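K.L.:
One structure is given below, represented as structure tokens, and several questions about it will come after.
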Amino acid sequence: MGLIWGLFSVIIASVAQLSLGFAASHLPPMTHLWDFIAALLAFGLDARILLLGLLGYLLSVFCWYKTLHKLALSKAYALLSMSYVLVWIASMVLPGREGTFSLKALLGVACIMSGLMLIFLPTTKQRY
């Protein structure tokens, strides 16, 4: 059950990160504080997406709390690296995102996935 909570946490955190990235690119910069505050108070689509992203992170923390009670810490923290993979893929696939493909990033994703497989695949016990 800890793995399920961990996967929920990773997926929710990834969606939250994408939401915050979208909101940050569409809201006025915080260097123009009054424009930024006015955009938040208008509670348009960008402000709502910002709020959903923040609430997503809060929900992700709850799932992470449940994960840490059910899953070994060494496995739980390795699971977090999946968020990098999900956000990278989503940034290239989702419309309006400007993620770019590179062999260097693909190599990084391959390393992350290889590490996760080493940690999570069952091992066979050898008898001596």
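Even glycines carry a Cβ here, placed using N, Cα and C.
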K.L.:
Answer with yes or no whether Swiss-Prot records Pro28 and Ser60 within the same membrane-side topological domain.
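P.N.:
They are annotated on opposite sides of the bilayer.
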K.L.:
Within the same chain, where does the transmembrane segment (3-23) have neighbours whose Cβ lies under 8 angstroms from its own Cβ atoms, ignoring anything closer than 6 residues to its ends? I mean 6 or more beyond.
P.N.:
46-47, 49-50, 52-57, 59-61, 63-64, 66-67, 70-71, 75-76, 79-80, 82-83, 86-87, 90-91, 94, 96-97
K.L.:
In the topological domain 'Cytoplasmic' (57-75), how many residues does DSSP call helix, how many strand, and how many coil?
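P.N.:
With helix first, then strand, then coil, the topological domain 'Cytoplasmic' (57-75) has 17 helix, 0 strand, 2 coil.
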K.L.:
Grab the same-chain neighbours of the topological domain 'Periplasmic' (24-35) for me: Cβ-Cβ under 8 Å, and only residues 6 or more beyond its ends, written as numbers and ranges.
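P.N.:
Non-local partners: 46-47, 49-50.
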